[in-house]
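Colleague: Please read through the structure below; I'll follow up with questions.
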Amino acid sequence: MTGTPEPSASGLLADIADVGRDRTRGGYSRHVFDTAELELREWFAGEARRRGLDLEQDRCGNLWAWWGAPGPDAVVTGSHLDSVPGGGAFDGPLGVVSALTAVDILRARGVTPAKPLGVVVFSEEEGGRFGVPCLGSRLLTGSLPAEKALRLRDPDGTTFADAVRGAGLDPERIGADPDFVGRIGRFVELHVEQGRGLIDLGGPVAVGSTVIAHGRWRLTFAGQGNHAGATPMDDRRDPMLPAAETVAAVRRIAASAPGTRATVGRLAANPGGTNVIASTVDLWLDARGPDVPSVVRDVESAARAAAEAEGCTVALSEESWGDEVVFDPALRDAVSAQLGGVPALPTGAGHDAAVLSAHVPAAMLYVRNPTGVSHAPEEFAEDSDVDAGAEALATVLSGLSA
Ligand code: GLV
Ligand code: MN
Ligand code: MN
Ligand code: MN
């Protein structure tokens with residue numbers, strides 16, 4: 001069935017508000033190929049069909065809905081439907097509902113784009129399940145080798161290879177697809193703002209200027225697992241000690257490196273019993289800024305010193321890396337001009353648009369978030385700003401696809 005739904009990004013967002021709610025953590029937990037994310041993929045497919053768009057899945061599991069036959073100068077918009085654990089309602093889905101709504105708005109305005117228009121849903125943008133953010137766009141563009149991705153494991157031990165097989169994809173075909181990427185002439189991602197930038201500027205919409213350099217590392221501390229009651233305090237090699245000291249060192253080191261943001265948001269004691277001295281502790285470091293390599297070096301030496309003092313060892317491995325991105329200035333200025341001159345904002349968050357920008361001119365639109373909070377249930381956007389964002393996106397797409 002085709003039809004022209006009444007354009008409303010806030011209405012579409014309300015339609016998926018019950019999918020993947022996390023009753024334990026609060027907010028949403030929607031991870032690639034889990035029940036909630038698969039339900040959202042189905043929802044997206046239905047919305048695409050309802051609009052008469054042609055749906056396809058690329059070899060890496062990203063979903064594409066086309067208005068017009070895809071060709072080399074397509075204008076593509078979209079975002080992702082997965083979330084961080086206990087994330088907000090807007091990070092990702094806002095860009096998808098705004099893209100669908102922009103199609104509706106263009107149709108309501110009687111606009112038929114001269115260029116093909118695509119709406120994309122990228123897979124595993126947050127890295128919430130397999131640890132590497134923007135997995136779908138990195139794989140499709142070839143910035144992450146398939147062999148490396150297929151070996152990634154989720155916290156339950158399932159490999160990415162098994163997960164893609166389970167979702168009906170062929171692990172042998174996962175990997176770069178330059179022809180597919182070659183269809184994208186320009187890419188625009190709309191996203192909820194993840195800081196206070198737009199609150200301070202007093203407007204509902206901004207255009208993206210830069211994305212901070214960022215990466216993730218895992219530090220594994222190993223000691224001697226033992227009995228919590230039977231082991232004297234002076235006879236322990238407890239990896240939790242150097243892990244705790246490393247958490248404090250991360251804060252100290254980042255605070256003295258200008259422009260740096262470093263976080264330990266995830267830590268796992270193994271085997272994880274209250275009455276068990278851990279045998280190993282895994283700690284994940286997220287570090288972003290102008291000189292991350294030196295920050296990571298300093299963290300590693302602090303971790304090593306703390307580990308040695310406790311008779312433990314530590315091993316560090318990189319899980320992902322993305323260089324700083326400066327969005328195409330000509331496209332950024334064109335997008336801003338189409339909107340009557342909106343401000344340009346840098347971001348400390350990573351995005352598929354940043355991955356794509358190494359291959360095609362890419363731009364971002366941000367929608368005001370009055371709480372300034374993101375990756376948490378308090379992330380928010382007023383309905384009126386959500387709808388203003390979709391209008392802005394439609395205007396931009398209309399200009400770019402003419
Ligand atoms: C993803 O949103 C990230 O920046 O971590
Ligand atoms: Mn996002
Ligand atoms: Mn995010
Ligand atoms: Mn992101």
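Cβ coordinates come from backbone N, Cα and C, glycine included.
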Colleague: Considering the Zn(2+) 2 binding residues D91, H375 given in TrEMBL, which of E56, E124, E126 is annotated for that site as well?
Modeller: E126
Colleague: If I go by TrEMBL, which of R196, R216, R218, R368 binds allantoate at the same site as N275, R288?
Modeller: R216
Colleague: Need a hand: TrEMBL gives H80, D91 for Zn(2+) 1, which of H191, H214 is also on that list?
Modeller: H191
Colleague: Cα of H80 (Zn(2+) 1 binding site) to Cα of R288 (allantoate binding site): how many Å, rounded?
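Modeller: Checking the Cα atoms of H80 (Zn(2+) 1 binding site) and R288 (allantoate binding site) gives a distance of 22 Å.
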Colleague: Which binding-site residues from the list D91, R216, N275, H375 come close to ligand 2, meaning a Cβ under 6 Å from one of its atoms?
Modeller: D91
Colleague: Quick one: of the binding-site residues H191, R216, N275, R288, which has its CA closest to the CA of H375 (Zn(2+) 2 binding site)?
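Modeller: Nearest candidate: H191.
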Colleague: For ligand 3, list the binding-site residues among D91, E126, N275 whose CB atom is within a distance below 6 Å of it, in sequence order.
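Modeller: Those binding-site residues that pass the cut-off, since their Cβ is under 6 Å from ligand 3, are D91, E126.
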Colleague: If you count other C-beta atoms within 10 angstroms, which of the binding-site residues H80, R216, H375 is the most crowded?
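Modeller: Counting Cβ neighbours within 10 Å, the top one is H80.
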